[in-house]
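Structure record follows, encoded as C-alpha cells.
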Amino acid sequence: MMKKYYESDADLSVLSGKKIAVIGYGSQGRGQSLNLRDSGLDVIIGLRKGKSWDAAAKDGMNVMTVAEAAKKADIIQILLPDELQAAVYKNEILPHLSENKVLMFSHGFNIHFGQIQPPGNVDVIMVAPKGPGFMVRRQYEEGKGVPALIAIHQDHTCKAHKTALAYAKGIGATRAVVLETTFREETETDLFGEQAVLCGGTASLIKAGFETLVDAGYAPEMAYLEVCHELKLIVDLIYEGGLTNMRQYVSNTAQYGDMTRGPRVIGPEAYEAMEEILAEIQSGEFAKEWMLENMVNRPVFNALTKADEEHLLEETGKEVRAMMPQFRK
C-alpha cells in the first residue's frame, strides 16, 4: 500500500526563508510557480531570453537567467523538457549546486536513466503532479488540488521528505492527496502509460477505428464522431467512477459489445506488445533511443508528427468541430 499524505501532514514553514528557483515556464513551470507564489513562498524563474521570459515577466514573476537562478536558490526545480534537462543542468546549474541545496524534478527520467548524476552533498527529490500545469493552477485557484507523487532519490540533509511534502503543499497537491513512490517506479510507469495507453495506445486505437470505418465506405464525419468525438464522454465517466460507473451509463447493447468484443481488439498480441514496450522502458532502451533521436535532430519524430497532422482524421476533425458552436473561437 502506497503511503498517502494530506494537508495536515505537510508543513509549509519548512520552506520559509528558502528561495525556490523554477527552471522553465511551460505548462508545469507556470502552474507550479504561480501556486508557490500565492502560497507565500519566495519564487524566482530561471529562463533563457524568449517568449517564456516575456510570459513570466507579464505574470509578475522575478525572472533571470538559469545560472543566476541556480546560484541564488536553495531549491532548484527543473521543469524543462526531458531532452533538454541534462545539458542545461551540466552547463548552467551544476556549477552553482553547492552543498545542502535541493535539486527537484517533476519526472524521474533524467535521474533514473543517468542523464543527470548529482553530487552526493545535495538532496534530490521529486514532486510530480498527476495532471497538466494548467489544471494544477486552475484547481489551486478553486481551492482544490491536483494529486501528486513524491519521491526521494538522495537525502543528504535528512530533510528531503519534509521538503518534498512542503513543496507539494505549496502547489496545492495536499488538498487532494500526495502518494509516495520512487524515481524508478514513477518514471517507468509514466512512460508505459503514455506509450501503451494514454497517448500511443489511444491514438493508434482511434486511427485504426477511423480507418476501418472509412475504408468500409462510411462517411469520415460519421467515423470521427463515433471513434473520436464521443471518446471524451466515455473517458469522463471512467474518470469519475471507473469502468463500472461507465457501464451504468451506456446501453446494455453497448456494455455487451464492450465485454464480448473489446478483448478481441485488445487481445493476446496487444498484451505481448505491452510487455515488450515495458521491457524496453525498464532496460533503458527507449531512453537511449529518444536521446539519440534528439542528437540527430529528430528525423523519426518529425516525420511521424507530419504524417499524423496530415491524416484524414485530423482534417475531418477540424470540419466536424467547425460545425459545433462550442469549438468556435
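The backbone N, Cα and C atoms fix where each Cβ goes, and this holds for glycine too.
Annotated features, as they stand in Swiss-Prot:
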type	residues	note
DOMAIN	2-181	domain 'KARI N-terminal Rossmann'
BINDING	TYR25, GLY26, SER27, GLN28, ARG48, SER52, ASP82, GLU83, LEU84, GLN85, GLY133	NADP(+) binding site
ACT_SITE	HIS107	active site
DOMAIN	182-327	domain 'KARI C-terminal knotted'
BINDING	ASP190, GLU226, GLU230	Mg(2+) 2 binding site
BINDING	ASP190, GLU194	Mg(2+) 1 binding site
BINDING	SER251	substrate binding site
Please list residues from the chain of SER27 (NADP(+) binding site) whose Cβ is under 8 angstroms from its Cβ, counting only those at least six apart in sequence. PRO132, GLY133, PHE134
LEU84 (NADP(+) binding site) and GLU194 (Mg(2+) 1 binding site), Cα-Cα, nearest whole angstrom: 19
Whole-number Å value of the largest CA-CA distance among TYR25, GLY26, SER27, GLN28, ARG48, SER52, ASP82, GLU83, LEU84, GLN85, GLY133, listed as NADP(+)-binding: 20
Of the binding-site residues TYR25, LEU84, SER251, which one sits closest to GLU226 (Mg(2+) 2 binding site) when you measure Cα to Cα? SER251
Go ahead and report the DSSP secondary structure tallies for the domain 'KARI C-terminal knotted' (182-327): helix first, then strand, then coil. 127 helix, 0 strand, 19 coil
Nearest of the recorded positions (TYR25, ASP82, LEU84, HIS107, SER251) to ASP190 (Mg(2+) 2 binding site), judged by Cα-Cα distance: HIS107
Give me the CA-CA distance between the residue listed as 'substrate binding site' and GLU230 (Mg(2+) 2 binding site), in Å, as a whole number. 14
Expressed to the nearest Å, what is the distance separating ASP82 (NADP(+) binding site) and HIS107 (active site) at their Cα atoms? 8
Cβ neighbour count within 10 Å, max among the recorded positions ARG48, HIS107, goes to HIS107
